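Chemist: Let me begin by handing over the structure; questions about it come next.
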Amino acid sequence: MRKSVIAGNWKLNNDVKATKEFLFELRDKIKDTEVEVVVCPPFTSLSTAVELVKGTDIKVGAQNMHWETSGAYTGEVSGEMLAELGVEYVIIGHSERRQYFNETDETVNKKLIKSLKLGLIPIICVGESLEQREKGIQKDIVTKQVISAFKNVNTEDAKKVIVAYEPIWAIGTGITATSAQAEEVCGWIRETFVELYSTDVAQVIRIQYGGSVNNGNVKELMNMPNIDGALVGGASLKLDFENLVKY
Ligand code: PEP
């Protein structure tokens with residue numbers, strides 16, 4: 001049985017003060033949930049978040065990392081630096097990073113390999129644009145992203161990865177993929193793992209859906225057989241996130 005994981009991607013929101021106020025309230029509300037709960041604050045709020053959730057059921061993830069340990073990479077943060085803080089998860093290849101910060105399938109692969117080496121749990125984001133869906137090529141796009149991301153990743157490591165299917169047209173738009181659309185693509189992703197690894201591995205890898213998930217649609221999406229959680233943007237910034245994770 002796969003344990004569902006719901007992760008809140010705070011994006012460029014919540015400075016240290018706001019992180020303290022928010023998690024101080026949220027941590028007592030999230031207890032004994034059936035799902036794994038992760039919050040992903042911006043870099044500057046990570047250590048505050050780690051301290052605040054110690055001993056609770058909330059885990060902390062980062063929104064990006066660099067694959068090098070150190071060096072002349074101005075503005076970057078390494079996986080080692082995240083691990084040192086007690087961060088346990090890291091989002092890799094979010095469509096906003098692919099779109100605005102030149103993230104490519106190749107850099108996603110490098111980051112995935114490095115995160116696994118460090119014991120961080122990567123959340124690998126894949127998903128098609130509206131134009132690609134309108135052309136009917138979403139399966140090709142998502143399959144290619146998955147195959148590229150997992151290049152040279154061995155079977156044991158692959159099992160630890162979380163994949164987030166996030167159609168770009170559904171992120172921050174208020175338009176959610178229907179549960180049938182989300183399930184279809186998550187099913188294709190799982191089939192890809194059968195081909196890349198084996199049925200056993202494909203049955204272990206957790207696949208989230210992301211894109212305008214909220215209290216109203218979470219239950220139906222999470223009831224789909226191939227969807228094992230959600231990556232949540234906007235709705236993770238409100239204390240009502242409590243009800244979302246307790247769908
Ligand atoms: C996201 O940022 O990954 C996301 C899914 O955002 P939202 O829930 O706001 O659409």
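Every residue, even glycine, has its Cβ placed from backbone N, Cα and C.
So TrEMBL has the following annotated:
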type	residues	note
ACT_SITE	H94	active site, electrophile
ACT_SITE	E166	active site, proton acceptor
BINDING	N9, W10, K11, G172, S212, G233, G234	substrate binding site
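Would you situate these features in the structure and describe their surroundings?
Modeler: DSSP gives H94 (active site, electrophile) a coil state; it is part of no helix or strand. Cβ contacts within 10 Å of H94 (active site, electrophile), excluding its own Cβ and spanning all protein chains shown: 27.
Shown in sequence order, H94, S95, C125, V126, G127, Y209, G210, G211, L231 are the residues of the chain, 6+ apart in sequence, with a C-beta less than 8 angstroms from the C-beta of E166 (active site, proton acceptor). In the three-state DSSP scheme, E166 (active site, proton acceptor) is classed as coil.
In the three-state DSSP assignment, the secondary structure recorded for K11 (substrate binding site) is coil. Every protein chain shown contributes to the tally, and the Cβ of K11 (substrate binding site) ends up with 18 other Cβ atoms within 10 Å.
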Chemist: List, in residue order, those binding-site residues out of N9, W10, G233 with a Cβ under 6 Å from any atom belonging to ligand 1.
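Modeler: Close enough to ligand 1 are N9, G233.
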Chemist: Minimum Cβ neighbour count within 10 Å among the binding-site residues N9, S212: which residue?
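Modeler: Looking at the binding-site residues N9, S212, the Cβ with the fewest others within 10 Å is that of S212.
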Chemist: Output the one of G172, G233, G234 that, of all these binding-site residues, has the highest number of other Cβ atoms within 10 Å of its Cβ.
Modeler: G233
Chemist: Would you measure the largest Cα separation among N9, W10, K11, G172, S212, G233, G234 for the substrate site and round it to whole Å?
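Modeler: Among the residues the record ties to substrate, max Cα distance equals 14 Å.
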Chemist: Name the residues of the same chain, 6+ apart in sequence, whose Cβ is under 8 Å from the Cβ of W10 (substrate binding site)?
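Modeler: Sequence-distant Cβ neighbours: V39, C40, P41, P42, S45, Q63, S236, L237.
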